[in-house]
Amino acid sequence: MGPLINRCKKILLPTTVPPATMRIWLLGGPLPFLLLLSGLQRPTEGSEVAIKIDFDFAPGSFDDQYQGCSKQVMEKLTQGDYFTKDIEAQKNYFRMWQKAHLAWLNQGKVLPQNMTTTHAVAILFYTLNSNVHSDFTRAMASVARTPQQYERSFHFKYLHYYLTSAIQLLRKDSIMENGTLCYEVHYRTKDVHFNAYTGATIRFGQFLSTSLLKEEAQEFGNQTLFTIFTCLGAPVQYFSLKKEVLIPPYELFKVINMSYHPRGNWLQLRSTGNLSTYNCQLLKASSKKCIPDPIAIASLSFLTSVIIFSKSRV
């Protein structure tokens, strides 16, 4: 399999003059940041913008599964008062957390087995605030690559652990109660064409909020629609009151099909395991001891390109 970058095809916009082209090379495959960019990108007045992105494994993303250390990490988060440290580092986050906490209390529901109030509030905190999505995704993509950098600069330790733990607990609960192992969900990007070849293996490298309703996913944009068969994601409707499934950053997917339509691309993905670079990072443990090995990726290039073409209106 050749380098992903060699597969990138330019998007040529109809124009009577040569387009102004800006080529951005992003090393380390920061796919979470690119997904964030897809949600923020807007054409400026007098120009048209198209972004073409090739998928990869998002290897630089912080993807800790806390395998074999979940209890110890929870204790350390409490003992080290990481909630206060994280909240103080983010503007307005304490108010947002309080709002999420109140929203959960007002629902008056019983917590699922083994879950705490903090798990519930973390889900609401993440799903109710678009600003949290942006900041969290950016941080996961860039500021947690070494234990030292993680400790010093990653101010989402509390949220990352409780979201990861919540997904894992809810998935177990769903299997025990309903026998449901996997879900077909949908996700749509804005102003971005994602490209992948049938048979390729990719992952998103971020917490992805997807919809169980295809019609609802269509509100997200009109460029690339993902139909995803996830087996590691978990439904969060009990908390958010929306038919949502949260997909963890470490889930791997195989591209089953890709088709082109007038309004964009349609990718069908099927879960094929999990992959983590980091594990028990808060405890300064070696990630090499706990890396799952469903897929060998040494031969793949981790270079992702974004090609932006801007056309001036005549």
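Here the Cβ of each residue, glycine as well, is placed from N, Cα and C on the backbone.
Take the CB of Ser240 (NAD(+) binding site) and look out to 10 A: across all protein chains shown you find 17 other CB atoms. In the three-state DSSP scheme, Ser240 (NAD(+) binding site) is classed as helix. Residues or ranges marked as NAD(+) binding site by Swiss-Prot on the basis of similarity to another entry: Tyr126, Gln206, Ser240.
Cβ neighbour count for Cys69 (disulfide bond): 19 (other Cβ atoms within 10 Å of its Cβ, all protein chains included). Feature annotation from Swiss-Prot assigns disulfide bond to Cys69-Cys280 (among others).
Packing around Cys231 (disulfide bond) is summarised by its Cβ count: 17 other Cβ atoms lie within 10 angstroms of its Cβ, all protein chains included. Taken from Swiss-Prot, the feature disulfide bond applies to Cys182-Cys231 (among others), supported by similarity to another entry.
Annotated N-linked glycosylation site per Swiss-Prot: Asn114 (among others), in sequence order. In three-state terms derived from DSSP, Asn114 (N-linked glycosylation site) belongs to neither a helical nor a strand segment and is classed as coil. Sequence-distant contacts (6 or more apart, same chain, Cβ under 8 Å) of Asn114 (N-linked glycosylation site) comprise Leu169, Lys172, Asp173.
The Cβ of Asn178 (N-linked glycosylation site) has no same-chain neighbour under 8 Å that is 6 or more residues away in sequence. Annotation note: Asn178 (N-linked glycosylation site) sits in a helical segment as assigned by DSSP. Residues annotated as N-linked glycosylation site in Swiss-Prot, with sequence analysis given as evidence: Asn178 (among others).
Per Swiss-Prot, N-linked glycosylation site is recorded for Asn222 (among others), and the stated evidence type is sequence analysis.
Positions annotated as N-linked glycosylation site by Swiss-Prot, on the basis of sequence analysis: Asn257 (among others). In this structure, Asn257 (N-linked glycosylation site) is part of a beta strand by DSSP. The Cβ of Asn257 (N-linked glycosylation site) has 12 other Cβ atoms within 10 Å, all protein chains considered.
Mapped onto three states, the DSSP output places Asn274 (N-linked glycosylation site) in strand. Under the heading N-linked glycosylation site, Swiss-Prot lists Asn274 (among others).
Annotated GPI-anchor amidated alanine per Swiss-Prot: Ala285, in sequence order, evidence recorded as sequence analysis.
The disulfide-bonded residues listed here are Cys182, Cys280; among them, Cys280 has the most other Cβ atoms within 10 Å of its own Cβ. Neighbours of Asn274 (N-linked glycosylation site), defined as other CB atoms within 10 A of its CB across all chains, total 21. Here Tyr126 (NAD(+) binding site) is positioned 22 angstrom away from Asn274 (N-linked glycosylation site), judged by their C-alpha atoms. Maximum intra-site Cα distance, NAD(+) binding residues Tyr126, Gln206, Ser240: 19 Å. Taking the C-alpha positions, the distance from Cys231 (disulfide bond) to Gln206 (NAD(+) binding site) comes to 16 Å. The two recorded residues, Asn257 (N-linked glycosylation site) and Gln206 (NAD(+) binding site), show a Cα separation of 22 Å. The closest partner of Cys69 (disulfide bond) among the binding-site residues, by CA position, is Gln206; the full candidate set was Tyr126, Gln206, Ser240.
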